[in-house]
Amino acid sequence: MWRIMMKSKLHRATVTAADLNYIGSITIDSDLMAAADILPNEKVQVVDNNNGARLETYAIPGPAGSGVICANGAAARLVQPGDIIIIIAYGIFDDREARTYQPRVIFLDARNKITAVKKGEQPGQVWV
């Protein structure tokens, strides 16, 4: 059996821009993509903590060290600058690997700088 599991996530990223006229995707600082093991054009889920919106799109790299998180295309209708979001990447694992895999969780501050890198999540853990 194959299982779709969280592979990694960028936790509490701050949206820096929204470009309705771009053809699609979410632009993410390439340093953050590398930290979260997200490849260019990889499918990601975006969860907006401000309004509850959820969407799927693909990641494109932004300038390294810039902190850019830009919702492009239709996503700009759901995610606005200043919103706090979670960007989640998933992987497909066989049953055995799924039971032991520990996802990489990248915690960010308000300027999208990495504050912590953790493996896995603990039930009841709160990070604000």
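Yeah, the Cβs are placed from backbone N, Cα and C, and that goes for glycine too.
Record note: Swiss-Prot gives GLY73, ALA74, ALA75 as substrate-binding, and the candidate from THR57, THR100 in that site is THR57. Between the C-alpha atoms of TYR58 (active site, proton donor) and ALA74 (substrate binding site), the distance comes to 12 Å. Residues THR57, GLY73, ALA74, ALA75 are recorded as binding substrate; their most distant pair of Cα atoms lies 10 Å apart.
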